[in-house]
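What follows is a single structure, written as C-alpha cells, with notes after it.
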Amino acid sequence: MTEQVRVAITGGSGRMGRTLIESAKLSSNIYLGAAVERAGSTLIGVDAGELAGVGAMNVAITDSLDNAVDDFDILIDFTSPEASVVHTDWCSRNGKAIVIGTTGFNHAQKEQIAAYAENTPIVMAPNMSVGVNLMWRLLELAAEVMGDYTDIEIIEGHHRHKKDAPSGTALKMGEVIAEVLGRDLEKCAVYGREGITEERSRETIGFSTIRAGDLVGEHTAMFADIGERLEITHKASSRMTFANGAMRAAFWLGDQGPGLYDMQQVLGLKD
C-alpha cells in the first residue's frame, strides 16, 4: 500500500480550497505538491499554507497545472462542472488521477468524465462525508421497508453562495431511493410546489431547497405515512468533514487502476 500520496488542489483560494489545503497539512499520508488558482489572480505566488492560515508549506500558488506537472500524482478538484471536465481531461492526458467533489454536472458532462475513466483513476462523489455515505445505505433500507406506502420528501439547506440546486447530495439521495423502488427519478421528482396543486401522488419524490446564511450542509429524507414518519438527517457543521473525506479518497486512489469510483468504494461500503 502507498505510504504517502502527492496531491494538487485546484481552486486553492476558495472556501473549500483553503479547507482542503488545511486538511492536506494535517494528513500524515498526504503531501501537498501544488495548489492552483485561475490565471490573473492576485494570489499567484502566495504560499498555500499561509493563504489557508496554517503556516508556510513552501508551496506557492500557481496559475496552471502545466507548471506543476512534476509535483503531484493526484488532483483534488472542487471547482465548477465546466472546470472539472477540463481538469479531468488534463489528468487523462498527463497520467494523473483525480478526486472530484464538484457538483452540478449535467448528463453530458458526467458522460465525458466516465469516458476519461477508461484510462484514468477517478473518484467522483457529490459528498465526501463518511456520515453522508452511511446515510445513503440507511436510505436503501428505509426505502425497502417503507418506500412503497409513504410520501417521500427530501429537504436540503446550504449557504447563500451555493449555486446548484438541489444539491448533488440531495439528488443522490433521490437516486438511491428511486433505484430501490424501481422508479426513474427524472420522471418522479417534483422540485418545489407553488399555488394550487393536485393531491400528492405517492409515486413522486419531492425536493425542497434552502439557501441561507452560512449553512454548511443539511439533508433530510422524510418517509411520511398517516400517523408516523421516519426522518433520516445529516448535518455538517464544518467543511473539514468534506476535505478529510477527499484526502481519504486521494490516499485510496493511489493504489487503484483506471476506473470511475465513488466514496462507497473508498469506504468499503460496496465492491
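Including glycine, each Cβ sits where the backbone N, Cα and C put it.
According to Swiss-Prot, the residue from Glu37, Glu82, Glu144, Glu153 that belongs to the NAD(+) site alongside Gly11, Gly12, Ser13, Gly14, Arg15, Met16, Gly101, Thr102, Thr103, Ala125, Pro126, Asn127, Met128 is Glu37.
Under DSSP, Gly168 ((S)-2,3,4,5-tetrahydrodipicolinate binding site) is assigned to a helix (H, G or I) in the three-state scheme.
Spread of the NAD(+) binding residues is 22 Å (greatest Cα-Cα distance among Gly11, Gly12, Ser13, Gly14, Arg15, Met16, Glu37, Gly101, Thr102, Thr103, Ala125, Pro126, Asn127, Met128).
Note: the CA-CA distance between Thr169 ((S)-2,3,4,5-tetrahydrodipicolinate binding site) and Lys162 (active site, proton donor) rounds to 13 Å. DSSP assigns His158 (active site, proton donor/acceptor) to a strand in the three-state reduction. It is 9 Å from the Cα atom of Thr102 (NAD(+) binding site) to that of Gly168 ((S)-2,3,4,5-tetrahydrodipicolinate binding site). For Arg38 (NADP(+) binding site), the nearest neighbour among the listed recorded positions (Gly11, Ser13, Arg15, Lys162, Gly168), judged by C-alpha distance, is Gly11.
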